[in-house]
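Chemist: Dumping the structure here so I can ask a few things about it.
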Amino acid sequence: MIYEGKAITVKALESGIVELNFDLKGESVNKFNRLTLNELRQAVDAVKADASVKGVIVTSGKDVFIVGADITEFVDNFKLPEAELVAGNLEANRIFSDFEDLGVPTVVAINGIALGGGLEMCLAADYRVISSSARVGLPEVKLGLYPGFGGTVRLPRIIGADNAIEWIASGKENSAEDALKVGVVDAIVAPEKLQAAALDLIQRAISGEFDYKAKRQPKLDKLKLNAIEQMMAFETAKGFVAGQAGPNYPAPVEAIKTIQKAAIFGRDKALEIEAAGFVKMAKTSAAQSLIGLFLNDQELKKKAKGYDEVARDVKQAAVLGAGIMGGGIAYQSAVKGTPILMKDIREEAIQLGLNEASKLLGGRLEKGRLTAAKMAEALNAIRPTLSYGDFGNVDLVVEAVVENPKVKQAVLAEVEANVGENTILASNTSTISISLLAQALKRPENFVGMHFFNPVHMMPLVEVIRGEKSSEEAVATTVAYAKKMGKNPIVVNDCPGFLVNRVLFPYFGGFARLVSAGVDFVRIDKVMEKFGWPMGPAYLMDVVGIDTGHHGRDVMAEGFPDRMKDDRRSAVDALYEANRLGQKNGKGFYVYETDKKGKPKKVNDPAVLDVLKPIVYEQREVSDEDIINWMMIPLCLETVRCLEDGIVETAAEADMGLIYGIGFPPFRGGALRYIDSIGVAEFVALADRYAELGALYQPTAKLREMAANGQSFFGQASSEV
């Protein structure tokens, strides 16, 4: 053994060939944490010191190659002063450069996922051979960063600036075939032939058949582009990528600027430019929020996995209520492999549900995401029915009928009488109390809420609602089924609106106050979209449905009359009474025309001003900053209350619920991280400035206590890649 550590070993194989193997003890994946980087330095030094070494192959002892850097270490590292961070980054990069500069040929055998620093390690080798099942990429832009272990330097010198920009700015994972096509790897082989292929390649390099020094040299030189080529490659790309990413996500454009700036230099100077730019990105609020979001997502997945031990497998599902929602649920279940019955009392509703599922499957077929055989298999997994005849062997039923407690109770009681004693019933409701609905059931322990978001196939969140009598097995099984459907489940406790709608309606409450204060709703939409929301509140209300919003507002007002009840007529009342229901009937705050693709397109409608005139009670001068605060303070404070009330267990779940459920701007990290970014004490002071607007703007006693004690919602990182 030439070197043995906790993450890396180096052993002799044959004829001067050694294997440097990554296998981080106690972990399911390899990653570049401090330990691994330090051992890589020692391993490279050990290889350099051994005169008998003629070539190195790099392998992984795990199913993946290396998933990247240990993101949990970022949180503390990025708090360091810039100069210290740059120095640390350059020190890490010297390790990769020392590996690259070995006086013998090097081959990396990529057996599985190689992302971020994992792929950057591969780029430092002379040759790369990949398993046909492996995937590679540089996803750092998704964290508000860009590659910091030499990726912006080596990749463009290996595959050209255009291809490198596409790989780095998109942050996509790429197949082995795509990697071979652009030249990221030199060969692709079947998984079982990977080791043999790597050995063959290194032997041919040692023998001189392949000139490894000539292969290495372009990575050490400046980028081979003349001035015109540089302008075409970089200036065009910057404009296009800026349009795609938007102003709130600077990392992709900054990555291009770094590649451009470093293009005229050799490797070592180029790495210095990369390090300075990487650290600049690490200090942005976008990076801090997106890293927090990543860690929250990992925590969410861990929590969901924690239910696996108690969960029963859902082999057969059913959905009550066809139509668009039922069809969407049926599609999602079937396409992910769980057969599902789709029941309704009307044949036309069944047809509507089947049409919805067929349309969604057809869309995937057109985009190449599904084969014709898989589409047929998924369609066959959806069995329409008008009766309960086949419900005896169903493991879980999703009730998705009209949002009316009496109707839901009647349907749930009826289905309970037609299923097995252990069958779980889950109500897809957005606001109605699960404990209230459970009163109609003989086995309330088998009943939970399962709130899907519309459109089902696109929205990643499912709220699993625990009622007063819901058993742990019922909750766990529903969580497992949601995961099986490809969704991100969050378990919440029962209350009006649960988590997402309970938080959303105070946001709408802020909007209603602004409109009643004479602020143009089009301006409000523009300000909130600029803030980072995918759509402004007026447009969102139109998409949700004015009638749905009207009903939800009343439910929330009944549940929380102290702060959500408003006796004055609002914009939603005025539109509802004028039968302007939003996109569903072509007119709400906006009117809707059909575009060339058959999708609704919003258009301003002067006539709506007459409808809204009676609910404008004053004319206030408000700044754009005021608009943001009128909207965001109620949303943030209600999120705080949900956490304090135990509706949601952790700050991470609360924030991810808002990002996945209502499109909270990801680069701001979620409501609680947004408070942290302002500072809890500063946020409380900000809310107090708007206290005259009512109870929605009143911080809780506990939040004031946090402010006084200098506390925050997110302390140390607790999850790993």
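Each Cβ is built from the backbone N, Cα and C atoms, and glycine gets one as well.
Straight from Swiss-Prot, here's the annotation block:
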{"type": "REGION", "residues": "1-190", "note": "region 'Enoyl-CoA hydratase/isomerase'"}
{"type": "SITE", "residues": "Glu120", "note": "site 'Important for catalytic activity'"}
{"type": "SITE", "residues": "Glu140", "note": "site 'Important for catalytic activity'"}
{"type": "BINDING", "residues": "Asp297, Asn501, Tyr660", "note": "substrate binding site"}
{"type": "REGION", "residues": "312-721", "note": "region '3-hydroxyacyl-CoA dehydrogenase'"}
{"type": "BINDING", "residues": "Met325, Asp344, Val401, Val402, Glu403, Lys408, Ser430, Asn454", "note": "NAD(+) binding site"}
{"type": "ACT_SITE", "residues": "His451", "note": "active site, for 3-hydroxyacyl-CoA dehydrogenase activity"}
Chemist: Counting other Cβ atoms within 10 Å, pick out the least crowded of the recorded positions Glu140, Asp297, Ser430, Asn501, Tyr660.
Modeler: Asp297
Chemist: Measuring Cα to Cα, tell me the gap between Val401 (NAD(+) binding site) and His451 (active site, for 3-hydroxyacyl-CoA dehydrogenase activity) in whole angstrom.
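Modeler: Spelling it out, the Cα of Val401 (NAD(+) binding site) and the Cα of His451 (active site, for 3-hydroxyacyl-CoA dehydrogenase activity) are 12 Å apart.
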Chemist: Taking the residues Met325, Asp344, Val401, Val402, Glu403, Lys408, Ser430, Asn454, which the record names as binding NAD(+), find the longest CA to CA distance and state it in Å to the nearest whole number.
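Modeler: About 20 Å separates the two most distant Cα atoms.
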Chemist: Judged by the number of other CB atoms within 10 angstroms, which among Met325, Val401, Val402 is the least packed of the binding-site residues?
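Modeler: Comparing Cβ neighbour counts within 10 Å for the binding-site residues Met325, Val401, Val402 gives Val402.
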Chemist: Please state how far apart, in Å and to a whole number, the two most distant Cα atoms are among Asp297, Asn501, Tyr660, the recorded substrate-binding residues.
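Modeler: Output for substrate binders Asp297, Asn501, Tyr660: max Cα distance 20 Å.
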Chemist: Given Glu403 (NAD(+) binding site) and Glu140 (site 'Important for catalytic activity'), what distance in Å do their CA atoms have, once rounded to a whole number?
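Modeler: Their Cα atoms are separated by 42 Å.
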Chemist: Let's check the environment of the residue listed as 'active site, for 3-hydroxyacyl-CoA dehydrogenase activity': how many other CB atoms sit within 10 Å of its CB?
Modeler: 24
Chemist: Restricting the comparison to the binding-site residues Asp297, Val402, Lys408, Ser430, Asn501, which residue's C-alpha is spatially nearest the C-alpha of Glu140 (site 'Important for catalytic activity')?
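Modeler: Nearest by Cα distance to Glu140 (site 'Important for catalytic activity'): Asp297.
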Chemist: Work through the recorded positions one by one (Glu120, Asp344, Glu403) and point out the residue whose CB has the fewest other CB atoms within 10 angstroms.
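Modeler: Selected from the recorded positions Glu120, Asp344, Glu403 on minimum Cβ neighbours within 10 Å: Glu403.
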Chemist: Rank aside, I only need the closest one: which of the recorded positions Glu120, Asp297, His451, Asn501, Tyr660 has its C-alpha nearest to that of Met325 (NAD(+) binding site)?
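Modeler: Nearest listed residue in space: His451.
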Chemist: Within 10 angstroms of the C-beta of Lys408 (NAD(+) binding site), what count of other C-beta atoms is obtained when all protein chains are considered?
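Modeler: The answer is 23.
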Chemist: Work through the recorded positions one by one (Glu120, Asp297, His451, Asn501) and name whichever has its CA nearest to the CA of Lys408 (NAD(+) binding site).
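Modeler: The smallest Cα gap between Lys408 (NAD(+) binding site) and any of the recorded positions is with His451.
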Chemist: Need the DSSP three-state call for His451 (active site, for 3-hydroxyacyl-CoA dehydrogenase activity) to compare against my parser.
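Modeler: DSSP assigns His451 (active site, for 3-hydroxyacyl-CoA dehydrogenase activity) to strand.
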Chemist: Using DSSP with the three-state reduction, classify Asp344 (NAD(+) binding site) as helix, strand or coil.
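Modeler: For Asp344 (NAD(+) binding site) - judged by DSSP and reduced to three states - the answer is coil.
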Chemist: If one measures from the C-alpha of Asn501 (substrate binding site) to the C-alpha of His451 (active site, for 3-hydroxyacyl-CoA dehydrogenase activity), what distance in angstrom results, rounded to a whole number?
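Modeler: Checking the Cα atoms of Asn501 (substrate binding site) and His451 (active site, for 3-hydroxyacyl-CoA dehydrogenase activity) gives a distance of 10 Å.
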Chemist: Find the average pLDDT over the region 'Enoyl-CoA hydratase/isomerase' (1-190) in the predicted model and report it.
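Modeler: Residues in the region 'Enoyl-CoA hydratase/isomerase' (1-190) carry a mean pLDDT of 97 in this prediction.
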Chemist: If I take the alpha carbons of Glu120 (site 'Important for catalytic activity') and Val402 (NAD(+) binding site), what is the distance between them in whole Å?
Modeler: 53
